[in-house]
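See below for the structure under consideration.
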Amino acid sequence: MNILLSNDDGVHSPGLLALKCQLEQLGCVTVVAPERNWSAGSHSRTLFAPLRVNEVQLADGSPALACDGSPADCVGLALLGVMDHRPDLVVSGINLGANLGHDVLYSGTVAAAMEGLVVGIRSIAVSLVDGYKPGSDFSVAADWARRIAATAMELQLPSDILLNVNVPQGSAEIVNDAKVTRLGHRIYRDELIKRLDPRGRPYYWVGGAAPDGKPDDGTDFGAVANNHVSITPLHFDMTNLDWVQRLSTAIWNNA
């Protein structure tokens, strides 16, 4: 099996290396990842500037490709020909932090995986809750990612489905099962912080308290709050079918 691996935290992220080592048990892994951090970069693509790809070495000495574009650029370039073969699976992660609920709209990790769906390749995004904290252990999340990837291939996951996987912190004894979930409700508490530079010109930071979410039963938030791995199947058809029907009853003409 040929696997394309990317992320949004950058090619030298410890989460990516841990995931690569596990996925190599399933097949050949090609890494094409951003050269810098693109967290919350969403599905941006570079259209009005050149993109460059350079070979780098990961911490274990293995080769990888670093791109100066976004996570979606990395996967897009790989699929357009930077890889010399079409992958069977696109995997993105392990993200240094959760991608739950509304996070999927902002997440570069999810966007990299979603780019695989654009060209009809089944994909998986993997995130470790609180993975940004010093000393985070990615081994449990990487092991779960390998198992989920193997199952996705065995079940012939459709090529228009992305599995958004969130793994809670904890040992294998604590994080010992998974739940299939729906997206929950993320609560953001963003605040605009305005400051002045030394020349008196304003600049802004987006700050505020850390976001949380509603741990409702059946949701990704509920699963990880109870030490379960959350597996949420996503696709990019965002059509609200109820309102297709309701809006169709309106009069849409120039009369």
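Here the Cβ of each residue, glycine as well, is placed from N, Cα and C on the backbone.
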Which one, SER39, SER42, is listed by Swiss-Prot in the same divalent metal cation site as ASP8, ASP9, ASN95? SER39
What is the Cβ neighbour count of ASP8 (divalent metal cation binding site) at a 10 Å cut-off, with all protein chains included? 31
Have a look at the binding-site residues (ASP9, SER39, ASN95) and report the one with the fewest Cβ neighbours inside 10 Å. SER39
Surrounding the recorded divalent metal cation site, with Cβ no more than 8 Å from the Cβ centroid of ASP8, ASP9, SER39, ASN95 and those residues left out, we find ASN7, GLY10, SER13, ASN37, TRP38, PRO71, LEU96, GLY97, SER107, GLY108, THR109
